[in-house]
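Presented below is the structure to which this report refers.
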Amino acid sequence: MESLLVNSVEKNLTQFMFSNAIFLCERLLADFPSEVNLQLLARCYLSNGQPYSAYYILKGSKTPQSRYLFALSCFKLDLLGEAEAALLSTVEQQVIPGGAAGHYLLGLIYRYAGRKNSSVEQFRIALSCDPLCWEAYAQLCSLGVAEEASTVFGNVAAQRLQKTHVPQRINFSEGETKDQLIDSDKASKDISVWQTEHVPGENQQDLKVKQLGAEIPPDTDNQRNASSHTNGWDLNTPSPVLPQVLDVPPPMLYKNMRRPEVEGLMSVHGEPRKKFVCEEESSEAPEESRRRRSARIAAKRKIPMFHHSPSESNGVPSLSSMIGKCRIQSSKEATTSGQSINDTGSSVDDEQNSNPRGSSLDPFSLMSGISEMLNLLKILGDGHRSLHMYNCQEALLIYQKLSEKQYNTHWVLMQVGKAYVELQDYFSADSVFTLAHQKYPYALEGMDTYSTVLYHLKEEMRLGYLAQELIAIDRLSPESWCASGNYYSLRKDHEAALKMFRRAIQLNERFTYAHTLCGHELAALEDFEDAERCYRKALSIDTRHYNAWYGLGMTYIHQEKFEFAQHQFQLALQINPRSSVIMCYFGIALHESKRNDEALKMMEKAIVADARNPISKYFKANILANLGDYHKALKVLEELKDSAPQESSVHALLGKIYKQVKLYDKAVLNFGIALDLNPSTSDAVKIKACMERLIVPDELETEEDL
């Protein structure tokens, strides 16, 4: 009965029948109380979104598996102190339950507790335990401390994966020792592709079987949103005019001309890992024993014997070159619905396709897969790291190295779209996000950034439709409510927008973007005290969220606290040193503090960072005009007028400067153009007042005319 119930519960978990699994597991625990069955019930509760239930039944358990599950329950309940204590309270002290997942969970706990150095250490340990723990590397990128992907996913990572996944042969022919076989294999050129450098201090023993509970990821429900929005991508960068970035390649839309193909069913998490079956070597004939052992092994495993060309080093083809050939060949082959395709686009041989999932693979296929997977992670890691270092042009070039199938995945398209957003190329970002939403209408991650793009493009109708669509898909997603908030903000309904953003915070308190957007709306309502509180809450979640530092600087400018504003903008620039918008407002704060030389240098720096950003040129001309250098100011504005002819403020400033140099005809002309471009009500009043007093002496004018 116990075995029947256990198998039924595991089957229900695999088939997502969580309520039925809970029911059966309670019967199991009632008749067969044990720690293992208690852990199984906790897994059922966690899978069903009931961390509080798992918390109560596991409290006080001391086994490693139970401690990991209990810590996971505490983390989901935001009981960070108890979660840390559960992972660390052990007699052996050095061992964290759950392996790489346990270290990753502890890293998240430390991060949200504000202990950056400790979290970085845990994320690095998680990567050393399991190089495929991508989320640990993503967290390091978010914290700005990630090493280069070629280092993280290099030889050491390959050796770790080989020890974990490649089966070790333990049966030897009569009269041979293990050392002799190793030496023989090293001498053999045919199977040298299996070999890697030995890491000192590491043995070749199989790793221990994963502990129960380590299969459950520490990030499934609300933390899924938190981890994706504490990394500085919750953008609402101000830009009144939409420049085009010419130095960056356009979105790779040509990669999506073919109809997407269904390439297999989604793998189910939590499936127990199958052990590899080592075949016993049969006795060979005397003449067979004289054959080279490598050829004998290759014949048994159906490994092709490669012929080496003189150009290959030591007569042995490198594994990377072989993988490259496989990739080129696979790109020419048509896939069918019955074939299994790996993530890098290379097809698996027919024999493996016919085998059920979990069957043993020969070491050559595993080694090839490890190499391909690490090469893929190197590209993704380099792009992700460059993006978080705000080197967005380089990130775009790196992502173009991906295969067509990988480039067209939702995650990569989101990264490409965010890179264009950072470059303030909102037209290209719109193209990428639109494509991603069409291909993956069910995916909500990144849709908050998409709504920000539509906000900057002033696409009110499209933004409203997107908000309604996202709400219909998932009303419990914070991205949906952020899109609604951006829609109301575009319509200048700041009260309604504030309600939408606060709803997003209720759904996920660690959603950095929602806190920042709340601050923007409160600042628009001139509630600067509450706006500052929202910005600081966002920074308590993610100190590298530079938009919150920018928001703090803007609130201080509105309150004429220019020294404080300079400090906030300086901190924002330390995180994103390539933002021309932050440089521009930093220059304004310097100008208001009478530090005009520094202000002009900062404006020049902003123009160099983004020559097509009109804000920096406008304020440079404004500073020059205030300093009385009208001719230089006119030169800057004439250039700006050609690139931004529809900006009322540009023509208004031109009219003011022409008035100062007594070119009244040009002054009246530019004031008239400014009025025709529908300025705000307050600006229109000032422009009309300037036009009416063109003949009034300068000393009778007030500084508030414009």
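From the backbone N, Cα and C atoms, a Cβ is placed for every residue, glycine too.
Noted in TrEMBL for the protein shown:
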REGION    215-240  region 'Disordered'
COMPBIAS  223-237  compositional bias 'Polar residues'
COMPBIAS  330-358  compositional bias 'Polar residues'
REGION    330-362  region 'Disordered'
REPEAT    478-511  repeat 'TPR'
REPEAT    512-545  repeat 'TPR'
REPEAT    546-579  repeat 'TPR'
REPEAT    648-681  repeat 'TPR'
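Listed by sequence, the residues of this chain that lie at least six past the ends of the repeat 'TPR' (546-579) yet keep a Cβ under 8 A from its Cβ atoms are 144, 232, 234-237, 390-392, 422, 512, 515-516, 519-520, 523, 526, 528, 531-532, 535-536, 538-539, 585-586, 588-590, 592-593, 609.
For the repeat 'TPR' (478-511), the residues of the chain that approach it from at least six positions outside its boundaries are 78, 112, 222-223, 225-226, 229-230, 234, 444-448, 450-452, 454-455, 458, 460, 463-464, 466-467, 470-471, 517-518, 520-522, 524-525, 541, judged by C-beta separation under 8 angstroms. Here the repeat 'TPR' (512-545) returns a mean pLDDT of 95 for the predicted model. Helix, strand and coil counts from DSSP across the repeat 'TPR' (648-681) read 27 helix, 0 strand, 7 coil.
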